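A.B. asks: So TrEMBL lists these for the protein:
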type	residues	note
BINDING	B:14, B:15, B:46, B:47, B:78, B:79, B:189, B:190	substrate binding site
ACT_SITE	B:77	active site, proton donor/acceptor
ACT_SITE	B:188	active site, proton donor/acceptor
């Protein structure tokens, strides 16, 4: 018989609605799990802000989810993972997973990986969290981090196919291609939506690694290890909480989740 | 003899550091005034968020400035002016000025003005605050509002001369040019930096109206009317408070102010 805690929801949070790409991957892999999602849309983006501020925001996000009784937490935000994960793990007893380790594991799954490019927000690149995690796992890797701060606004505007987006992408990718990368890590939850354009702009032998899918696989592994999986016979529910509601956020929610989000609740943090 | 209140600082706030274009214009026109600036960099941007959230943030900004003893407040943020100014004026006794009325006055200063284009954040366009203020002041005007949400990120990246910026600007401006506008209102504090590129892309007979200069002139008029001007013999100081500090914000501060900002303080709101 499963303990009561196994039927508790998973908590997943992000600075906005981009983390729903992780939710989508989790629902596909672990359909029996209830998911409680928190998007801090009132204070997004995190990527351009200071580590101190990001840590404070992430701490408030985690406290909100713990108060709701979640059994484990996924930090579905690369910037928050980069700056706040160690501190959060130390402070709280609830298991907390980030998006960086799973991405790094996936990038290095191919033993031929030698030259890794990383695109992310400025905050994530500056933190050197990916570069550090990669370097710890394999010596001799050549790693190039490229801050790509204009991609999130372009994705949120849905300018995926616009020539301006291609021009921006070229400006970010050309230096990486020049350096002969064999792997490109999409180190921001918004970027999976750009995969078709990225494939078009990159040489065909560059492998793309996105954090959403790899994070869901890691979560399944951890829940199994901790004996926290929900009963497989049920169908999980999704509950969405955003700190700011607007038509745009609802539209984006639908785009990232690829289905109707149902009722979205307004969350008040730090109460 | 001037009362003590005349030597109190002016409070100017914005969601970020774009409002420093207003500070610069105020310092040029009213060099004796002390200015206390608050930029809510931890929660920027306001332009993409809901009216309710913008009103809550603006209220916290005003309370911070009033607690610091300012004699008058300028809302140097188009989005906050659009959504929160009436409510703020009703709630507080300190004189509070916005950026919209001065801009509208300047746009209509030319009696030949007939077709007005407005570029701004989505929040400002959605509020219809400019459209409404223009329509109230002159009947028969043809008004076209164009949300231009990608301009702030491009300016903040300093991609002013980048071909991608021209492409984005063309996408926003072409529909306005097609409609034969004679005046273009730059209804966001970030946009004055784009004036050279805008002049290049627009027909030569389109007049540009930016809110920073017109706001400073309106402020001088109001301080004179309320007998609140500082003693003209002194040199005003500038004190900068941001809710989040980072290297990028310091760089932007210098770019908007066109000089070194001196020491920047970290502000804690809602305390």
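Just so it is clear, glycine is given a Cβ too, placed from its N, Cα and C backbone atoms.
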A.B. asks: Starting from the Cα of residue B:188 (active site, proton donor/acceptor), work out which of the recorded positions (B:46, B:77, B:79) are within 10 Å.
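C.D. replies: Close recorded positions: B:77, B:79.
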A.B. asks: Compute the C-alpha separation of residue B:14 (substrate binding site) from residue B:77 (active site, proton donor/acceptor), stating it in Å without decimals.
C.D. replies: 5
A.B. asks: May I ask for the distance between residue B:15 (substrate binding site) and residue B:77 (active site, proton donor/acceptor), taken between their Cα atoms and rounded to an integer number of Å?
C.D. replies: 7
A.B. asks: Could you list the residues of the same chain, at least six apart in sequence, whose Cβ is under 8 A from the Cβ of residue B:47 (substrate binding site)?
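C.D. replies: In sequence order, B:15, B:78, B:79, B:120, B:121, B:122, B:123, B:124, B:149, B:152, B:188 meet the Cβ cut-off.
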A.B. asks: So which other residues, same chain and not among B:14, B:15, B:46, B:47, B:78, B:79, B:189, B:190, have a Cβ within 8 Å of the centroid of the Cβ atoms at the substrate site?
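C.D. replies: Filtered neighbour residues, in order: B:16, B:18, B:19, B:44, B:45, B:77, B:80, B:121, B:124, B:152, B:188.
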A.B. asks: Whole-number Å only: compute the distance from the Cα of residue B:189 (substrate binding site) to the Cα of residue B:77 (active site, proton donor/acceptor).
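C.D. replies: Residue B:189 (substrate binding site) to residue B:77 (active site, proton donor/acceptor), Cα-Cα distance: 7 Å.
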A.B. asks: What is the separation, in Å, between the Cα atoms of residue B:77 (active site, proton donor/acceptor) and residue B:46 (substrate binding site)?
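C.D. replies: Residue B:46 (substrate binding site) has its Cα 9 Å from the Cα of residue B:77 (active site, proton donor/acceptor).
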